[in-house]
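Worksheet for the structure shown next.
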Amino acid sequence: SGADSVGKGTVVGVIDTGVDYTHPDLKDAMWVNQAEIAGNGIDDDSNGFVDDIHGWAWCDGSENPHIGDGDPMDEHGHGTHCSGTIAATANNQEGIAGVAFGRTKIMALKFLCGEDGRGYTADSIHAINYAVAMGATLTSNSYRSFGTSRAREEAIRKAEEANMLFVAAAGNDDLDTDVVMHYPSSSELDSVISVGAATKEGEKAWFSNYGLESVDVFAPGTTIFSTVPGGKYAKMQGTSMATPFVAGLAALLWSTDPAQSYRDIKHRILSTSEKMDSLEGLCVTGGQVNALKAVTCADCKWTPTEEPTAAPTEAPTQEPTTEEPSTP
């Protein structure tokens, strides 16, 4: 079964441009479908996907989820960068260490294809459904879609029923998403965590979307150094880069107690966020994630105590170097 093929530990489905699974800092952090024999052209585990060793690639918008191939290699760089933040191997004399290094595996779910990193909503739905079927713990979603989708909402809801979190980038438009929705991060399902980008000073990154009700928490999202294809490393910025910090933290927390529910993990992340005057009124928690507090908190349950007030933001002064791939 999918659950058996995952094995022990947490698994993060990175729904993105794919992953360079040969990268020295990621090759040992990749999820492996133990029930599939690589390269034999046979669907060994009878899940409808042939040779899906590290995940799958959907690139044509077909309604048939099995159209595609088992090579989710990243030709863009975005998904590899996000994956490094989550799970890059530590203590190997290579580059960086991921938030949940040694405690999670990356399932590569590619639906943003080509050098421009574009894809179809239908393929993002297939990726969510595959993650559920194959037993992923949560998904990291650093992309935007033009408008809502009932089918995608249903897929996220089914993932929620499977006790999965859906961590999503809030977007790079410097907009209040309480007013102008950003999908899929604006989904109102309880299992969604919408993530804004903060600077190293703990302020809202100029490009980051915000929302007193629609953005849950902020995380570092400027000049983030991580893995890119070809065994290399690069700095990128965006809410896309902030999202895997939260996904990695969720995986780390789940690894300490796999019996926790998605609500337990979400509440732990939100309740331990570092409240900051600079972020007050810009998100539900009024702060950014604090991994140390989240890991060490003995009994964390998040409950809002008062209605925060919205705060204004300054106009942008520069263009971001990296934006989220978009779906038509």
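Backbone N, Cα and C define each Cβ position, glycine as well.
Note: TrEMBL annotation is automatic and uncurated.
These features come from TrEMBL:
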- Asp16: active site, charge relay system (ACT_SITE)
- His78: active site, charge relay system (ACT_SITE)
- Ser240: active site, charge relay system (ACT_SITE)
- 7-275: domain 'Peptidase S8/S53' (DOMAIN)
- 303-328: region 'Disordered' (REGION)
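Locations of recorded TrEMBL features on the structure.
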residue	record	CB count, 10 Å
Asp16	active site, charge relay system	34
His78	active site, charge relay system	26
Ser240	active site, charge relay system	32
In whole Å, note down how far the CA of Asp16 (active site, charge relay system) lies from the CA of His78 (active site, charge relay system).
7
For the domain 'Peptidase S8/S53' (7-275), provide the mean pLDDT of the predicted model.
96
